[in-house]
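Asks: First the structure, which I've put down as structure tokens, then a few questions once you've had a look.
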Amino acid sequence: MADTHNKEVDQISGVETTGHEWDGLKELNNPLPKWWLYLFYATIVWAVIYWVLYPSWPLVSSYTTGILGDSQRADALAAYDEGVAGRSEFADKINAASLEEVSSDPELRQFAMAAGQAAFGDNCAPCHGAGGNGFEGYPNLQDDTWLWGGTLEDIHYTLLHGIRVDNDEARFGNMPAYGDIFSNEEIEQVANYVGSEVGLEPKAGVDLAAGKELYLDNCAACHGDDLNGMTDVGAPNLNSANYLYGKSIDQIASQVKNPRNGVMPAWQDRLQPSTIKSLAVYVHSFGGGQ
């Protein structure tokens, strides 16, 4: 049996070695500093106290709750309920107020702007962009070109009932596909006439007079003789700088031949009334509202 009491002592430091040696280097068996040991023991004591006071040990179907009964989950739920109650108070005020009252009252407007911004980011930004600047096929909400009107009431109505959807009050305005009515030559004539009226260079050799006649006979009823459009039927203002599907002769011709009629959901079936009002105020604040 080895003699465990016969420890090797380092001649230089006078400290016992562990008996381990690597390439002539021997490991000293220095004790841990007392302050380190005391700190380690203190953490053990603190852990035991924590186990007693606070939730700590998982059980089969629950956990030890601790004698203080502290619960961050309960605290979070209480804070959530408090926030919901505060929002409900403002939501009730917004529901009871008119759009103009919400927009003009500083307190209600501040809440509506915050709620509208959150709802816009969740529901509208994928199509209209985070800042409402739109994309091709999705209206720019920052400009003053509104297919269905840009007043608070107009925006609110559009949000409520949607565009070209299964809703009795939805906004409907479908442009016919003139590819089934006009020849390709006539489509070119109309597109070039409209383009020439809004500052585009018409293609050489196209009969603009014939295009004007076709426009007045078939398009002016909705878009107007002066091309200013008609919000009652959602007919775009063709004098606008922004075209929903692109502003070139070829893009205009494509829309005349086979128009794209976009849709928007009716949000009354998806969002709370106060949220829709808040959205209307928020969208109107982009600067393009009327």
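Here the Cβ of each residue, glycine as well, is placed from N, Cα and C on the backbone.
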Asks: Using only what TrEMBL says about heme c 2 binding by Cys219, Cys222, His223, identify which of Met113, Met175 is listed for that site too.
Replies: Met175
Asks: Under 8 Å between C-beta atoms and at least six residues away from its ends: which parts of the chain pack against the transmembrane segment (35-53)?
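Replies: For the transmembrane segment (35-53), the list is 64, 66-68, 70.
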Asks: Between the Cα atoms of His128 (heme c 1 binding site) and His223 (heme c 2 binding site), find the distance and write it as a whole number of Å.
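Replies: That separation, Cα to Cα, works out to 24 Å.
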Asks: Summarise the model confidence on the domain 'Cytochrome c' (111-198) as a single mean pLDDT, whole number.
Replies: 94
Asks: For a quick check of understanding: given the listed heme c 2-binding residues Met175, Cys219, Cys222, His223, what is the maximum Cα-Cα distance in angstrom, as an integer?
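Replies: Site span for heme c 2, by Cα atoms: 11 Å.
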